[in-house]
Amino acid sequence: MGAVVVDDGPSGVKAPDGGWGWAVLFGCFIITGFSYAFPKAVSVFFKELIREFGVGYSDTAWISSILLAMLYGTGPLCSVCVNRFGCRPVMLVGGLFASMGMVIASFCTSIVQIYLTAGVITGLGLALNFQPSLIMLNRYFDKRRPLANGLSAAGSPVFLCALSPLGQILQHEYGWRGGFLILGGMLLNCCVCGALMRPLEPPKKSEATKEPAEKKAKKKLLDFSVFKDGGFVIYTLAASIMVLGLFVPPVFVVSYAKDLGYQDTKAAFLLTILGFIDIFARPICGMVAGLKWVRPRCVYLFSFAMIFNGFTDLMGSMSVDYGGLVVFCIFFGISYGMVGALQFEVLMAIVGTQKFSSAIGLVLLAEAMAVLIGPPSAGKLLDLTRRYMFVFIIAGIEVTTSALVLALGNFFCIKKKPAEPHTKEAAAEREELNKSEDKTPEDAKVDSIEVEQFLKDEPEKNGEVVTNPETCV
């Protein structure tokens, strides 16, 4: 993954913060929607799958877990593929895989076959779209990055609002097999989003400043030096604990309502409520995170969001009727939206732009292990106790614990770096150096925060969107 994975573009390109970036944001919005909403939306088919194959709650919960585990666990593989082939080809192939998995799943005759098709193949396809789209988004936006991350993250609740009732309708009209087939066709839209991912290139420079071919060949595919950063280690640990319980309530809330005796359509409407609230929570939280006095303390806002989410799970465990579940979904949608809007923004703030692609792949890999444990364990607990209260309590404790690990770890273990003075003399001197120097030192090592500040202050033109035959299809 090296310094910058995306399309192997030269470092030091100033983010356009607009232009074609809005098209990239739209593509990322759709990809995020499919990637995160799909594992939850397929839960509306669980009752039918239980009746069809004679399995338990824990068995069907594995479908969502495998989807999420593939989305997270293949992070390093996705980074290497992007580094080798570019974002656009990887996303096009990923869209085909995602569609093919659901189409084949519609012909399956056992739950294990569904694990391999709807779980592994579709999950791999979504992963090959999700990570490249995030990397491209964070290269196109800098000053507006919190807002861009919030808007793209809103794709998850928007698609959840649409896919959950749509899945219920498809199941009623065509059965779960017909529903899987139609959803597989919809996933081909990932290929369209992949076509929007055009690489950035900096303004043309003289031959003396061009990076030698030998140096390009030596770039690392995966940079493990991020583990030397204490902030990254704390974030990875906290995120891994968080995902143990974060995805459990959305997976089981529909079944919870059905077991209370409510109709399938009414039960599925709970996910629509959750998603509708989530739609507004994510961009609003992104705007708040972009405020001058909030952005330097974004990690603590993220910790608050996780505590809020965990507390909501604990309160939701006391729900005994449909009204209680509606209230739970409203507050869960707010807290879940805050977590979704901030998780990658905080990671970027911790490791910096240059190491983001390495960091996100390794974080997703660590989270994959937790995802494989969370929902299946909750399903097994439900099979043993037949009480959803315990499932929600365990999920709430896990998410709250992760918030405490992140907040306390950063407060006590991470030393704050003194703010760099921005005097007029220093700014004038830096501008003079930028104008006079013809060559950038090859092995300059700087802090990630300094890199981002330099890119913001540098009076260089924004990078232009180009079509590079080596990185585009």
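FYI, residue positions are counted from 1 along the chain as it appears here.
The backbone N, Cα and C atoms fix where each Cβ goes, glycine too.
As the structure is a computational prediction, the values presented were derived from the model and not from experiment.
What Swiss-Prot records for 421-447 is region 'Disordered'. Annotated region 'Basolateral sorting signal' per Swiss-Prot: 427-449, 449-473, in sequence order, evidence recorded as similarity to another entry. Positions annotated as topological domain 'Cytoplasmic' by Swiss-Prot, on the basis of sequence analysis: 1-17, 83-91, 137-149, 201-231, 290-297, 343-358, 410-473. What Swiss-Prot lists as topological domain 'Extracellular' is 39-61, 171-179, 253-268, 380-388, and the listing cites sequence analysis. Residues or ranges marked as transmembrane segment by Swiss-Prot on the basis of sequence analysis: 18-38, 62-82, 92-112, 116-136, 150-170, 180-200, 232-252, 269-289, 298-318, 322-342, 359-379, 389-409.
Under 8 Å from some Cβ of the topological domain 'Extracellular' (380-388) lie the Cβ atoms of residues 56-58, 252, 256, 259, 317, 394, all in the same chain and six or more residues away from its ends. Between the transmembrane segment (269-289) and the listed ranges 62-82, 92-112, 232-252, 322-342, the one holding the most Cβ pairs under 8 Å is 322-342. Among 18-38, 116-136, 322-342, 116-136 has the largest number of CB pairs under 8 A with the transmembrane segment (359-379). Long-range contacts of the topological domain 'Cytoplasmic' (290-297) within the same chain, counting only residues at least 6 positions beyond its ends with a Cβ under 8 Å from a Cβ of the stretch, are 144-147, 349. Under the criterion of 3 or more C-beta pairs below 8 Å, with sequence separation of 6 or more, the transmembrane segment (150-170) and the transmembrane segment (322-342) qualify as touching.
As a quick check, the transmembrane segment (232-252) and the transmembrane segment (180-200) miss the bar of 3 or more Cβ pairs under 8 A, pairs 6 or more apart, so the two do not touch. Sequence-distant residue pairs (6 or more apart) of the transmembrane segment (298-318) and the transmembrane segment (389-409) include at least 3 whose Cβ atoms are under 8 Å, placing the two stretches in contact.
When pLDDT is averaged over the region 'Basolateral sorting signal' (427-449), the result is 47. Broken down by DSSP into helix, strand and coil, the topological domain 'Cytoplasmic' (83-91) contains 8 helix, 0 strand, 1 coil. Across the topological domain 'Extracellular' (253-268), the DSSP tally of helix, strand and coil residues reads 12 helix, 0 strand, 4 coil. Listed by sequence, the residues of this chain that lie at least six past the ends of the topological domain 'Extracellular' (171-179) yet keep a Cβ under 8 A from its Cβ atoms are 44-45, 48-49, 52, 106-107, 264.
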